[in-house]
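Have a look at the structure below, then the notes.
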Amino acid sequence: MDIIIGVGTLLVVLICMSLFLNFAPYGKEGLQALSGAACSTFLPQAFLSYAIGGVFDIPFFVQVGDTLGGLGGLAVGILTCIKLGISPVYALIVGLSLLKVKLLPAFIAAYAISFLIKQIEKRVPEGLDLIVVILVAPALTTLIALAIQPSVIAVLTQIGSAITAVGDANPYVLAIVLGAIIPVVGMTPLSSMVLTSLLGLVGTPMAIGALCCTGNSFANFVLFKKLGYGTKATPFAVAIEPLTQIDIIAEKPVQLYGSNAIIGMVNACIITAFGLVINVTGMATPIAGFIVAFGFNDTVPVLLCGLAVAVSSMVLAWLFATFFKKHDISVSVKMPTLKRARNQNA
């Protein structure tokens, strides 16, 4: 039952993110803001507090990192408003109103208030609109955020607990599920960082997410190189950030999504066997995730696990690429986000 609940809640979150991305007004821009906020707060905290301050016992870096990690509400408030086309001054007003609010409630509040501010900018005379925004936006934004924060945090905690319960009872089952999903999500506009942040994954599940993304960077490099996708620089670009090559990925879903899912499952089992943990959320990113692992584990196991993941990724990717060169499987996926972006730019 724990397996069904854990996997089911994970799939529900993915479905909700997909629906928001494809059908909500400015859904793509909203998720970009959410991902950017996670990157600008969780990553510095992980690097400074754990990878540097924790490993080398430097309290100053711990303090700086923890300060940045606590500014998720501020960051997502500002970025969301800017992404939705709000004036930077108004974006700062909204962001500062969300200083002490958690990431997701702050995002929801900023996303909602942005539409009101857009109407104020449109309908209120210039000059007077600033006063109206000052009188309305901070109080209303804070009210929305504080009203929804308890229930949002409770739901996310419940989801995270359900997934953790699966790991406690059947660690390799959870490893296979997370290994298949997280790296593939990282190759879509949904963002693996946002997914793991929303789920609140820590411990071994977060280590799986982080190092699977690291391994799949090696896999994508080999796949793109051997299959001849893009230019000579493309394999390096996709290894660093898969979304830079989203058009090619969408055209070759079986070769790339399918291979990455299977490779991710194998890597997840390797990571679980090493018993690595990462006790900070949102680290499902290729380079930073691996580095942050040193802040929570002994150096030798991290190095050995990283080496094993890299080797297995490259070997499996080479085997898959060899197979796909002999057996052409032509299936393409039209991503709604790409189509919408083109229509908006037209």
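The backbone N, Cα and C atoms fix where each Cβ goes, and this holds for glycine too.
What TrEMBL records for this protein:
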- 31-328: domain 'Phosphotransferase system EIIC' (DOMAIN)
- 6-24: transmembrane segment (TRANSMEM)
- 31-52: transmembrane segment (TRANSMEM)
- 132-157: transmembrane segment (TRANSMEM)
- 169-186: transmembrane segment (TRANSMEM)
- 198-223: transmembrane segment (TRANSMEM)
- 261-294: transmembrane segment (TRANSMEM)
- 300-324: transmembrane segment (TRANSMEM)
Contact call for the transmembrane segment (169-186) against the transmembrane segment (132-157), three or more Cβ pairs under 8 Å: no
The transmembrane segment (31-52) versus listed stretches 198-223, 261-294, 300-324: most Cβ pairs under 8 Å: 261-294
Sequence-remote partners of the transmembrane segment (132-157) [C-beta within less than 8 Å, at least six residues beyond its ends]: 73, 77, 90, 93-94, 96-98, 101-102, 104-106, 108-110, 112-113, 116-117, 120, 124, 198-200
